[in-house]
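Reviewing the structure listed below.
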Amino acid sequence: MDPMSFILFGATGDLAKRKIYPALFNLYMDNKLPEAFSVIGVGRESLNKKEFQSTVIDSLYEFSRHSTDDKAKKLAFVQKLSYVNVDVTDEESFNELKAFVEGQEEGAGLGNNRIFYLSVSPALFDVITTNINKSGLGDTSGWKRVIIEKPFGHDLKSARALNSTVLRAFSEDEIYRIDHYLGKPMVQNLETLISANPVLQSIWSNQLIANVQITANETVGVGTRSSYYEHSGAIRDMVQNHMLQLVMMTAVRMSERQSVSELRDEKIKLMNAIEPTSPEDVIRAQYTRLTIQDETIVSGYTDESGVRSDSTTDTFVAARLQINTPTWQGVPFFIRTGKRLRSKETKIVVEFKDSLNLSQNASDAAPNLLVIHINPNDGVTLQLNSKHPLTGELEPIKVEFSASHRETPEAYEFLLADAIKGDPTFFTHWDEVELAWQWIQPILEQFDSNTIPLHYYQAGTNGPEEADKLLESYGYKWW
Ligand code: BG6
């Protein structure tokens, strides 16, 4: 692996503490970082090196998968960390940052390879990338890459504007747009699961699949993020990115992948083939408070701090998608995601068609289901029909694999390791982002015009009944 400098904007932020430092440390402990590297935290707070290192150590204690007991190793990692106080709106600050990065590179023999991680509000992408460009920080004799967090735009227009801004400093193949769902172990495993198992590969099409249901339910509410969420809602926060990525990762049919770009190319083709969705096929809803005997147990969305009392922001979205390719023609893909639901669960359920020649108990047969569990535990379940030994009746049985006993790396570990290696497979290409916004845009407009009405569901339930009715109208139910 090439030596590199990892320059992290937003170094004192929440994401850095919860995800980025622990991921870097875990990679370090697993010998998955280059021999020579340096992490340069960039932030507004004025911190000295020691203070910065101790905030990172705190985050490792709290969030790292690897224990921090090995003092020598922990110290060796922490010594790679330094901090520069930068006002990102000030060009002069970037000259100082550049001088600092060059000093580190010379001192530690780091070559001239630089990763810039923008863990900051998207409102700052413009000024940061412009100043990276102007200061010459982006002129390297080695490689440079930029990692960008979502949200990538607020709608189609702003996403395009943002993209052209970032393209002024980095080319498309230097841009690594993070969708952390693509780093989840079971999502990374999907392609292998389908293509390395002839038994699944041969049935992965509309010949045998009746429908696909993708669920990403959360129990948490909007928490302290209302100022962001009020402008985003579930449609931008989850559907535009994570849910559509799960649809594409499920629908992609790859046998032996030849090059890193192939998976993304396939996903782009699929995204292109998703038909515009009619308003009847989209359900939007918002959670209301849960009260027991007049006592509020869980706040409703409009009770949350920072949320307007007449807010119509969606905290739940369900939809039917149709992918217009020979493989998927006629197979509805149902998605649903929401906050303050009964349980935290992310899964993909593939429901198979009824058998053609079921014998006597045909009407009692449950459908075959393949469930890919993504969260809270990784695993796969296959539901089959079996004969009960005593009654002779059909009964559904489950063949299960659970990876919960294994220690699996976090999404950010996979993604950072890939970015450091220069493998963009599990990052979103601009074409995917743009197509996703193109698909979402009419829905956003139908939300605004109330063509898609806002429904309500009580906190702690499975969501609005309209989401159940959506499936019923196609002759299915949510699994
Ligand atoms: C984030 C969203 O991208 O994903 C959050 O901004 C959401 O609102 C989170 O809670 C869900 O991620 P996970 O990994 O917990 O399913």
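We number each residue from 1, going along the chain as drawn.
Glycine residues also receive a Cβ, built from the backbone N, Cα and C atoms like all the rest.
According to TrEMBL, the features are:
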type	residues	note
ACT_SITE	H242	active site, proton acceptor
BINDING	G10, A11, T12, G13, D14, L15, A16, K17, R44, D87, V88, K150	NADP(+) binding site
BINDING	H180, K184, E218, D237, K339, K344	substrate binding site
DOMAIN	7-189	domain 'Glucose-6-phosphate dehydrogenase NAD-binding'
DOMAIN	196-479	domain 'Glucose-6-phosphate dehydrogenase C-terminal'
In sequence order, those binding-site residues of G10, D14, V88, D237, K344 whose CB lies under 6 Å from ligand 1: D237
The domain 'Glucose-6-phosphate dehydrogenase C-terminal' (196-479) [mean pLDDT, rounded to integer]: 92
Neighbouring C-beta atoms (10 Å sphere around the C-beta of K184 (substrate binding site)): 24
Coarse DSSP state, helix versus strand versus coil, of D237 (substrate binding site): helix
From binding-site residues G10, T12, D14, A16, R44, the one whose Cα lies nearest K344 (substrate binding site): D14
Secondary-structure category, per DSSP, in which H242 (active site, proton acceptor) falls: helix
Pairwise Cα distance maximum in Å, substrate-binding residues per record: H180, K184, E218, D237, K339, K344: 20
Reduced DSSP assignment, K344 (substrate binding site): coil
Per DSSP, three-state class assigned to G10 (NADP(+) binding site): coil
C-alpha spacing of D237 (substrate binding site) relative to A16 (NADP(+) binding site), in angstrom: 19
Between V88 (NADP(+) binding site) and E218 (substrate binding site), the C-alpha gap once rounded to whole angstrom: 35
Distance from K184 (substrate binding site) back to G10 (NADP(+) binding site), taken between C-alpha atoms, in Å: 23
In the chain carrying D237 (substrate binding site), residues 6 or more apart in sequence that have Cβ under 8 angstroms from it: P151, Y229
R44 (NADP(+) binding site) to H180 (substrate binding site) - Cα separation in whole Å: 25
Nearest of the recorded positions (H180, K184, H242, K339) to T12 (NADP(+) binding site), judged by Cα-Cα distance: H180
In three-state DSSP terms, the structure that K339 (substrate binding site) belongs to: coil
